[in-house]
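Here the structure comes first, spelled out in structure tokens, and everything after it is commentary.
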Amino acid sequence: MSTYAPRHAPSAFSTPASTTLFRRLTWEGTVPLEIRVASAELPANSDRGLECYYIQAARVSYLPLLVPEIKRFLSDVVFDEAAAQGIKEEDWWFESEDGAVFRWHWPIGLIYDNHTITMSTRPNTSAAPSGPLRLILHLASPPSEKLLLSPGSEACKQAFMGQLKEADFIRWGNTKRITGLRKAEQDGLWEGIKEHNFDEYWRVASKVTPTTSPARSQSPPPPSSVSMHTRPPSADPGSNGAPDRDGAYSVRSVPVRIYLPDGPVMQDLVPPLLEDGSINTLSRFLDTHLPLLFPADRAPLAYALIQGVLAPPEAEMAWLGACLAGADGWVNICVGLLREGIPRF
Amino acid sequence: MALTAGAPESHSRPLPSVWTSADAAGTMQEALEALDTYKKKDLTKVVVRFKAVGNAPIMKQNFYKISASNRFQAVIQFLRKELGWKAGDPLFTYINLAFSPAPDDTVANLFKSFSTDGHLIVNYSTTAAWG
């Protein structure tokens, strides 16, 4: 773990070290992608055999942000000069091997995890993907009604800001925290993603993202302690007694979406504490929303991936919101099916 | 350390025992049936209330019952049609005067999280209103 020690003093944001650690782990997560130009669309005189581009992409990034890099590669290596000049990246779009359109506005980590869980339902695939996710790059005729968003990083940025505000609204019932940011700060969030700069992003994001209280730095708790978590953290001995109004356990709801193989996407209010005052955990959340896959009285039929990690059932929803949310503020839970006992990753 | 975020995805690693199923062989079919249940379209309808912002034209009727399974994209298209908007005419849509949802969000999801007094309030504007 030592290699992942936070390099910057968390005190600058008054964010506990453990929270900063998990935020950095989330930020530094990457997924392998193989991007292949649709062979029928390769321009004449292209150097065939090289039309594949491999990249280890940041989970918190977006496909439009990869386009300039891919374009540079294709222009330098694959296309001849005439073809390179004729490239119009506004016409580009990405598709999966089985013909599903990759959305511009989904974080890349979500695209990858969603593919993983989709594969978990296919009887003829031997295991969950172990290699890169294959994307087919089309150079023409974008199906705009399926892509839903204009191409380019500006439209993606608008969609990202929309998601941030929606997350803010979910947490607090208003978007004052985001709209209270100066324009330069709002732009800094997107720049941080574009440049993959953790500090630039979190300098601003820490003003809008709730944190876990320093007194509760032992997140997630050991499984045996679940039954002890029946009081809000502010009542824990060791905290100073004042409820943390901006804390992760004080939000109205945690921004969470559940992704099931081949859809649907489910979203509901997810309070950090349940009505009886006990802490809302991943297993209670899944028992409630997907009882057929996570029955309360026996072994689950499915597993939950968050940021590519098999999330432990005792993880607290508020903690997930503070530490494992994507850059857009959302905790994306991808649910895949368990098969033949132990699926391999 | 239960969590291993940032670990290379390509590593083969077993699931934590707590997620593994005791009787996996017989469960796949049950799991697929469960997925089918969750995939069933939500046939309920919810009330969407449109509210003009700024210079946007006001609609004569502004309450509509819309199938919860619709995507927000369908709501935008419906609104454009009602307003007689041509392709390319600018239209910005917001929930609760606060944010633009993703076009693939469903009406059901938005209603569950953001409805007010049994309505999902959709504001529309001809200029970008809330950045």
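From the backbone N, Cα and C atoms, a Cβ is placed for every residue, glycine too.
Sequence annotations record features per position, and here TrEMBL assigns compositional bias 'Low complexity' to A:209-218.
Mean model confidence of the domain 'Autophagy protein ATG5 UblA' (A:27-138) amounts to 88 (pLDDT, 0 to 100 scale). Under the heading domain 'Autophagy protein ATG5 UblA', TrEMBL lists A:27-138.
What TrEMBL lists as domain 'Autophagy protein ATG5 alpha-helical bundle region' is A:154-210.
Per TrEMBL, the feature domain 'Autophagy protein ATG5 UblB' maps to A:254-335.
Annotation source TrEMBL lists region 'Disordered' at A:209-247.
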Structural state census, the domain 'Autophagy protein ATG5 UblA' (A:27-138) (DSSP three-state): 41 helix, 27 strand, 44 coil
Secondary structure content of the domain 'Autophagy protein ATG5 alpha-helical bundle region' (A:154-210), with strand meaning DSSP E or B: 43 helix, 0 strand, 14 coil
